[in-house]
Amino acid sequence: MNHFLDIHKTAPEDLRQIIDQAGQMKTARLGRPKGTPDDEQPLAGHMVALIFEKPSTRTRVSFDVGVRQMGGETMVLSGKDMQLGHGETIADTARVLSRYVDMIMIRTFDETVLTEMAEYADVPVINGLTDRTHPCQIMADILTYEEHRGPIKGKKVVWTGDGNNVCASFLHAAGQFGFDLTFTGPAQLDPEDEFIGFARNAGSKITIERDAAKAVEGADLVVADTWVSMHDSQSSKERRHNMLRPYQVNDALMAHAKPDALFMHCLPAHREEEVTSAVMDGPQSVIFDEAENRLHAQKAVMRWCLGV
């Protein structure tokens with residue numbers, strides 16, 4: 001039994017196994033209707049709990065479809081259903097759920113909820129997102145880059161904007177997969193030293209560059225994410241927009257990257273804010289392949305967790 005809590009907590013050889021299997025499983029499904037089962041049914045007889053303290057379209061649909069394609073069943077629970085940490089402890093909830101299901105995926109605001117769930121659960125726990133990291137997204141991103149351009153090892157990735165949870169997992173991946181990462185954004189939004197330190201200690205070149213055009217020079221991959229959250233106040237949104245406007249990904253910025261550089265965004269995107277429609281819909285964008293690959297990467301993660 002394996003938990004998938006964070007990229008830096010998973011061995012590089014296991015991460016590589018997951019990526020390779022995801023690619024194989026994707027190829028095996030080419031041309032099939034989405035609702036048809038996989039030839040292999042490794043999750044037959046398995047029940048998977050999908051817990052959403054923080055709602056999501058892509059995470060819910062991709063995990064639900066993935067489980068069903070592999071022969072399993074899902075139970076979707078919202079924060080209202082669970083009341084995690086209010087009344088019954090997270091530890092007791094983990095123990096009880098372990099009697100009903102074979103695996104737990106949780107998308108939560110608080111990383112401590114994830115770690116405590118994993119500590120006390122008797123079944124694998126998968127990090128569907130926390131406010132600190134988003135490892136499943138990055139596995140999809142690695143899969144996407146490699147199916148378009150080959151091995152990501154030694155490549156230059158540029159993260160633009162806010163050093164958020166997705167950026168943190170990209171830094172973990174830099175260390176585990178052996179690529180370099182440049183962060184370009186305002187100093188107030190730098191990624192935490194912990195994430196930068198992990199990647200540097202693993203041998204990756206991590207650079208902080210305030211000038212977006214300089215940062216993107218020679219990039220193999222440029223990545224953006226939303227500047228604001230639905231929970232931000234109007235004044236906070238305006239402040240962040242003013243701070244981040246110099247880091248918008250547009251055609252002029254992409255011109256500084258390599259001619260064959262790719263653009264990624266985990267979606268949903270705010271068009272004409274962090275990225276222009278011209279880039280999103282342009283030939284360098286692989287955002288919809290990236291969205292699809294959440295499905296294939298997570299299927300491989302689930303198989304690895306269960307050892308099937």
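Along the chain as shown, the residues are counted starting at 1.
Glycine too: its Cβ is placed from the backbone N, Cα and C atoms.
Owing to the predicted nature of the structure, the values given are computational and were not obtained by experimental measurement.
Sequence-distant contacts of Arg58 (carbamoyl phosphate binding site), defined by Cβ-Cβ distance under 8 angstroms and a gap of at least six in the same chain, are Leu267, Ala291, Arg294. DSSP assigns Arg58 (carbamoyl phosphate binding site) to a helix in the three-state reduction. For Ser56, Thr57, Arg58, Thr59, Gln83, Arg107, His134, Pro135, Cys136, Gln137, Cys266, Leu267, Arg294, the entry in Swiss-Prot reads carbamoyl phosphate binding site.
Long-range Cβ proximity for Asp225 (L-ornithine binding site), meaning a same-chain Cβ under 8 A and a gap of 6 or more residues, is found for Gly161, Asp162, Asn164, Val166, Cys167, His265, Cys266, Glu274. Annotated L-ornithine binding site per Swiss-Prot: Asn165, Asp225, Ser229, Met230, in sequence order, evidence recorded as sequence analysis.
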Cβ neighbour count within 10 Å, max among the binding-site residues Ser56, Asn165, goes to Asn165
Listed in sequence order, the residues of the same chain lying six or more positions from Cys136 (carbamoyl phosphate binding site) whose CB sits under 8 Å from its CB are Phe4, Thr59, Ile126, Asn127, Gly128, Leu129, Arg294, Ala297, Gln298, Val301
For His134 (carbamoyl phosphate binding site) and Ser229 (L-ornithine binding site), the CA-to-CA distance in whole Å is 16
According to DSSP, Asp225 (L-ornithine binding site) sits in coil
Cα of Ser56 (carbamoyl phosphate binding site) to Cα of Asn165 (L-ornithine binding site), in Å and rounded, measures 15
